[in-house]
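Student: Take this structure, written in C-alpha cells, and hold onto it; I'll ask about it next.
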Amino acid sequence: MLTITNIKRPGRDQLESVTTENGVIKGWNLPAEGEVLDGQGGTVAPALIELHAHLREPGQTEKEDLASGLAAAAAGGYGTVVSMPNTSPVVDEPATVRALIEQAEGLGLARLRPAAALTRGQKGEQLAELAFLKDAGAAMFTDDGRTNENARVLRLGLEYARSLGMVISVHAEDAGLRADGVMNEGPVSEELGLPGNPWAAEAARVARDLELVALTGARLHVQHLSTARALDLVREAKARGLPVTCEVCPHHLTLTEEALRSFDALYKVAPPLRTQADADHLLGGLLDGTVDCLATDHAPHTRAEKERDLLDAPFGIAYIELAFPLMWTRFGERLGLEKLLDLMTAAPARVMGWPAPSLEAGAPADLVVLDLGTEREVNPAEFKSKAKFSPWAGERLKGWPLLTVVGGKVAFRRGD
Ligand SMILES: NC(=O)N[C@@H](CC(=O)O)C(=O)O
Ligand SMILES: [Zn+2]
Ligand SMILES: [Zn+2]
C-alpha cells in the first residue's frame with residue numbers, strides 16, 4: 001500500500017492524497033496507510049504513455065538497455081513504453097518478445113510493451129509471424145528504423161494486422177527520395193553543402209500509405225510526422241474517414257534545420273529537423289486534433305557515434321526524460337495542461353485501443369506527480385539514459401516529474 005500526500009489533481013486547487021493498493025488506486029483522501037510519500041504540492045496525472053522509444057535491447061546495449069531506458073522513461077514521467085524492434089537481432093520472434101517482457105517486469109520501472117517487426121529481419125520482404133508475435137505480447141507491428149519500400153508487403157501486413165485487431169506503425173519516408181540526405185533539403189542544406197532529404201520524401205510515402213489504408217480498411221499509425229504537407233495529407237484522410245492516426249515528436253516542434261549550421265550530429269535525426277513553418281504547422285495539428293498524440297522517438301546512440309562527422313553519424317535524438325518539461329515549458333500556454341496531458345496519456349492509449357488512463361478508484365496505479373512551476377537546468381550528466389548529452393543541455397525547463405508510480409510501486413523519485 002502506498003499513499004501520496006500533498007498533490008493536486010489538474011484543474012483543482014486543494015491539496016489531496018491518493019492511496020493505492022494491489023497496484024490500483026484505492027481512493028482519494030483516505031486515512032494515510034502503508035508507505036507515505038510527500039507529493040510536495042505537485043500536480044498528479046496518469047503516468048505518461050510513450051508509443052515510440054528505442055531501448056536497444058537485444059544487442060545494442062552500448063547505446064541503451066532495458067534498465068537504463070525504462071529508468072529514463074520513469075524519470076520522464078512515463079509508466080508505459082512501446083519499444084521499437086530495430087535491434088540486433090531484430091525483434092521478429094515470439095520468444096524475443098516474451099524475453100523482453102519478462103526482463104522488464106523484473107526491473108520495477110516503466111511497463112514495457114514491445115513492438116515487433118512487421119517483416120522478417122525488417123527486410124521488408126516477408127511478413128513476420130504476426131499472429132504468434134501478438135500472442136507473445138507484441139503491442140504493435142512496425143519496421144521503424146527502416147522504411148517499407150514494397151507496397152505489396154505493407155498491404156498484406158495491413159490485411160493481416162486488421163484481422164488480428166492490431167495497429168501497424170510506419171516510418172513514412174521514401175527511401176529513394178530520402179537517399180543519403182542528412183538534413184532537410186532546402187536553402188540551408190544548399191548553403192551548408194550537405195546532402196538534403198526533401199519534404200516530398202515524407203509526403204509521397206504518406207500519400208501512398210494512406211491509399212493502402214483506404215484499400216484495406218486497416219489501422220495505420222504514422223510515426224514522427226515532420227512536414228506540413230504530410231500532416232495535411234493525414235488531415236484529408238481523416239476527413240475521408242480513414243482509420244489513420246499519427247504522432248509528432250517534441251524535437252520536430254522545438255528544433256529546426258537551422259540547428260544543423262553547427263554541423264553537430266546531435267541534430268541528425270530521421271526524419272530530419274525541418275523549417276519553422278513546418279514546426280508551426282505541426283503545432284497547429286496538435287491544436288486542431290489532426291495529430292493524435294505526442295511520442296519522443298527516443299533514439300539513443302553512444303557519444304562516440306554522435307561525435308562522428310555529420311555524414312557518418314547515426315540518426316537519432318534521445319530525450320525521453322525531457323519530453324514533458326520541454327512541451328510544458330515551450331507550449332504549455334498554447335496547449336493548456338489538459339490538452340498536453342491528453343496528448344501524452346489518453347491519446348496514445350486511444351491510438352493503441354488500450355483502456356483510458358484514469359485517476360479514479362479502481363484504475364491502475366500508474367501515476368506521475370509533476371512540478372509545473374520550478375525551473376531547473378537540463379543536466380545530461382544526470383540522465384538515467386546512457387545517452388548523457390542533449391540538444392537542450394543547459395536550458396531552463398519547468399514541469400519536471402517528481403515521482404512516477406507504476407502499478408502502485410515507485411519507479412522514479414527525483415533526488416534518489
Ligand atoms: N529516428 C532516428 O533518427 N533514429 C531511429 C530510427 C527511426 O526512428 O527511424 C534509431 O533507431 O536510431
Ligand atoms: Zn523512424
Ligand atoms: Zn524510431
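Glycine is no exception: its Cβ is also placed from the backbone N, Cα and C atoms.
The model shown is predicted, which means the values in this text are computed figures rather than measured ones.
TrEMBL lists these features:
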type	residues	note
DOMAIN	44-227	domain 'Dihydroorotase catalytic'
BINDING	HIS52, HIS54, ASP144, ASP297	Zn(2+) 1 binding site
BINDING	HIS54, LEU55, ARG56, ASN86, HIS301, PHE315, GLY316	substrate binding site
BINDING	ASP144, HIS171, HIS224	Zn(2+) 2 binding site
ACT_SITE	ASP297	active site
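I'd like these features described in context: how deep, what's nearby, how far apart.
Tutor: Taking the Cβ of ASP297 (Zn(2+) 1 binding site) as reference, residues of its chain lying under 8 Å away and at least six apart in sequence are, in sequence order, HIS52, ALA53, HIS54, GLN223, HIS224, CYS249, HIS251, VAL269, GLY316, ILE317.
Around ARG56 (substrate binding site), taking its Cβ as the centre, 27 other Cβ atoms fall within 10 Å, counting all chains.
If you take the C-beta of ASP144 (Zn(2+) 1 binding site) and look for same-chain residues 6 or more apart in sequence within under 8 angstroms, you find HIS52, MET84, PRO85, ASN86, ALA115, SER169, VAL170, HIS171, GLN223. The DSSP secondary structure for ASP144 (Zn(2+) 1 binding site) is coil.
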Student: Among HIS52, HIS171, the binding-site residues in question, whose Cβ has the most other Cβ atoms within 10 Å in this structure?
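Tutor: Answer returned by the neighbour count: HIS52.
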Student: Which binding-site residues from the list HIS52, LEU55, ARG56 come close to ligand 1, meaning a Cβ under 6 Å from one of its atoms?
Tutor: none
Student: Taking ligand 3 as the reference and 6 angstroms as the Cβ limit (strictly under), which binding-site residues among LEU55, ARG56, ASN86, ASP144, GLY316 are close?
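Tutor: Within range of ligand 3: ASP144.
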